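Since the structure comes first, as structure tokens, the remarks are kept for the end.
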Amino acid sequence: MRIHGLILLSFLLLAAQVLSEKVRKTAKNVPDSTTEEDMSPSLGKARNKQRSRTSKSMTHGRFVTKDQATCRWAVTEEELGINLKVQCTRADQEFSCVFAGDPTGCLKYDKDQTYWKQVARTLRKQKNICENSKSVLKTRVCRKKFPESNLKVVNPRKEKAEVSPREHNKVQEAVSMEPNKVKVDITTSPAATVAVKDSECLEDPDVLTQRKTALEFCGESWSSFCTFFLNMLQATSC
């Protein structure tokens, strides 16, 4: 009887130890899971902040085009897409233009760094920038799947240089002198006179007689040569 009680007591102690071990493990796992859940949003926020800093630092810059225009560019966000403004100086002239597009869909896939690098490279390759109304800034990373990411010029070149009063007066004088230019009389031009004379000579009786005589005596191959000599000898008006 005593042995039976000892066995039962030892069994109860073992069961209590197993239960306490399970409770301790459960208590350890709960704080770990909450810590991971708390850390994941903070890591996501940190990554988003870093990405936004990278994007902002790459959405403006300076460049020199192939035709030696010194320019700077900057991006502003709009309700639908973005505007990329370009301001340039070349040969003491200042001009600017704006390119517009919507690369939002492409930039969602962590392609912002590559996209802006390719935009900057495309700007440097431009020639006569802001002068062509069909200019488009394309990137390899986005242009196929996201054609709306191509930036198209929305307002062609805007000049800032103003015309001086002296140059303005010269232009006005040139315009006022235009009506006083000598007009050429087309009806009395040499070409018109020759054309009229040729048509009259074709119907002249003397010329017809000369051509007929030359054809009879000289043959078809020499008729023009003979007609020339007959014309010299007879001294017709034609």
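Using the three backbone atoms N, Cα and C, a Cβ is placed for every residue, glycine included.
Keep in mind that what you see is a predicted model, and the values were worked out from it rather than measured.
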Listed range which Swiss-Prot flags as region 'Sufficient for interaction with FGF2 and FGF2-induced effects', given the options 113-154, 197-238: 197-238
Disulphide bridge to CYS88 as given by Swiss-Prot, partner from CYS71, CYS106: CYS71
Integer average pLDDT (0 to 100) for the region 'Sufficient for interaction with FGF2 and FGF2-induced effects' (197-238): 67
Closest of CYS71, CYS97, CYS130 to CYS218 (disulfide bond), Cα positions, disulfide-bonded residues only: CYS130
Proximal residue to CYS226 (disulfide bond) among disulfide-bonded residues CYS71, CYS97, CYS130, CYS142 (C-alpha distance): CYS130
Listed disulfide-bonded residues among CYS97, CYS106, CYS130, CYS142 whose Cα sits within 10 Å of CYS88 (disulfide bond): CYS97, CYS130
CYS142 (disulfide bond): tally of other CB atoms within 10 A of its CB: 23
Least Cβ-crowded entry, counting other Cβ within 10 Å, from the disulfide-bonded residues listed as CYS71, CYS106, CYS218: CYS218
